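Note sheet for the following structure.
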Number of protein chains: 2
Amino acid sequence: MAEPGALIAIGGHEDKERDRVILKEVAGRLNGGKLVIATVASHEPEGYFESYQEAFGALGVTNLVELYVEERSQSSDNPALEALDGAAGVFFSGGDQLRISSQIGDTPIERRIRELHEAGAVIAGTSAGASVMSETMLVKGASSESYRIGDLHMAPGLGLIRDLIIDQHFAERGRYGRLLGAVAHNPRLLGVGIDEDTAIVVEGRAFRVIGSGAAYVVDGAETTHSNIAEARAERALSMFNVCMHVLSSGDRFDLDTRKPTAGAHEEGAEARKDRD
Amino acid sequence: MAEPGALIAIGGHEDKERDRVILKEVAGRLNGGKLVIATVASHEPEGYFESYQEAFGALGVTNLVELYVEERSQSSDNPALEALDGAAGVFFSGGDQLRISSQIGDTPIERRIRELHEAGAVIAGTSAGASVMSETMLVKGASSESYRIGDLHMAPGLGLIRDLIIDQHFAERGRYGRLLGAVAHNPRLLGVGIDEDTAIVVEGRAFRVIGSGAAYVVDGAETTHSNIAEARAERALSMFNVCMHVLSSGDRFDLDTRKPTAGAHEEGAEARKDRD
């Protein structure tokens, strides 16, 4: 039996012009096969496909097709399903995570994507496309603010990754507050905040970080107090004893033991000088 | 012998027009005495004094004087020192924390302020005025970004609070990354990030949170790995097993045991409805 493919959750704004570290990671898992660019998250998908066509083309990936549905009713139609036939990977572009879940959730398209993944296809998603991989997904909440009671919308995601809630554009949009708030709701979920041009590559029950920024893991398992069920709306969150891990390129995280492992020293590190 | 007065570190933009919770806390500790508004942090202090005169005036504090020095040489002059005579409190307004430390650090003004504090005067500071209270202060570093190796300026502060490094405008400017980076340098320092319109009131070796936002405590004591001394410049920080506490109004924190305590339920909380 085949192993499920990797899941690659990207924090948005992945480099498409220079090193393309993240897109390379996706490309490297296609073995020359077809990549489906799913632009379902976007209300106006024009331009997304072309920009990925160019970026992946430069990496030698030429077999690309677009999957877009204007309306949920199209998610059972043959043309949409045919786009997925024999795909080696699916890449969800950014936009609105609710568009993905409401247009394709519980439709033949979603089932086909899940089957492809189970059979070994890589499933990647950036920004909204990353959020939607969660079992429960973050839909909306204040950026650049501490979490205030009641100020968060969550919804069922595609559930490709269990027990995880993903946020994106993380440091760039100051979303620590809302991820802490999300985890406070139920610390069973591990919070993962992913910076722009940064991704987690999930294989089995572990992930590795790639890209130029950081991925933050918020583990609320040992939290000793929170006011999330007690405080009035608009009041600032209290949450004691949260465990946080800041992971960068090469670091790994085990989702079952909830423990990080440091990556090897990066190449070129030998060029560092001792401080004196 | 008198007890030292309270230290009130404010995250900037404290409410000056509505409830004025934080300014009330300062006013309540003056017992009708003189409050010195130290505008030293500002390159152009015009308007700061007047705005505090108005805000504190509405709270019944009428004995206000301004302390400003254009040049370090004036920090030994009588007019500046006389402003502090018999003061019940000193309030540092915002601006540039380096201006405070470089203009009054190790001068008769600083010594006089320290003496006042030791004798019971309240010392408050907002924004730059909060940062400068730390032993080592954060001067400059990226906002809305994860910490990158080398991207942080620290300097000796006034050292009114030991073993603490304070950051301000915290959630609003997405400064989690830089505070984590600062703590990674030496986890002996406890990081405290204070939101706008939020303050910590330090008495002895404990503080209480007041205001509308949150105060974040970053405790690196149990950190198991960081790449701060190993990675190349510009590389994103790795830092495993950081303990974070999110505190809001009424919560307390013991600086010696490094443990938080939840505040009592707020007034009006009885109006909450059970969810059904």
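Using the three backbone atoms N, Cα and C, a Cβ is placed for every residue, glycine included.
Quick caveat, the model's predicted, so the values are computed rather than measured.
Summarising the annotation, TrEMBL assigns active site, charge relay system to A:SER127 (among others). In the three-state DSSP scheme, A:SER127 (active site, charge relay system) is classed as coil. The Cβ of A:SER127 (active site, charge relay system) lies under 8 Å from the Cβ of A:ILE10, A:GLY11, A:GLY12, A:HIS13, A:ALA41, A:SER93, A:GLY94, A:GLY95, A:GLN168, A:HIS169, each of these being in the same chain and 6 or more residues away along the sequence.
The 10 Å shell around the Cβ of A:HIS169 (active site, charge relay system) contains 21 further Cβ atoms across the protein chains shown. Annotated active site, charge relay system per TrEMBL: A:HIS169 (among others), in sequence order.
According to TrEMBL, the active site, charge relay system annotation covers A:GLU196 (among others). Under the DSSP three-state reduction, A:GLU196 (active site, charge relay system) is assigned to coil, being neither helix nor strand. Around the Cβ of A:GLU196 (active site, charge relay system), the number of neighbouring Cβ atoms within 10 Å comes to 23.
Sequence annotations record features per position, and here TrEMBL assigns region 'Disordered' to A:255-276.
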In three-state DSSP terms, the structure that A:HIS169 (active site, charge relay system) belongs to: coil
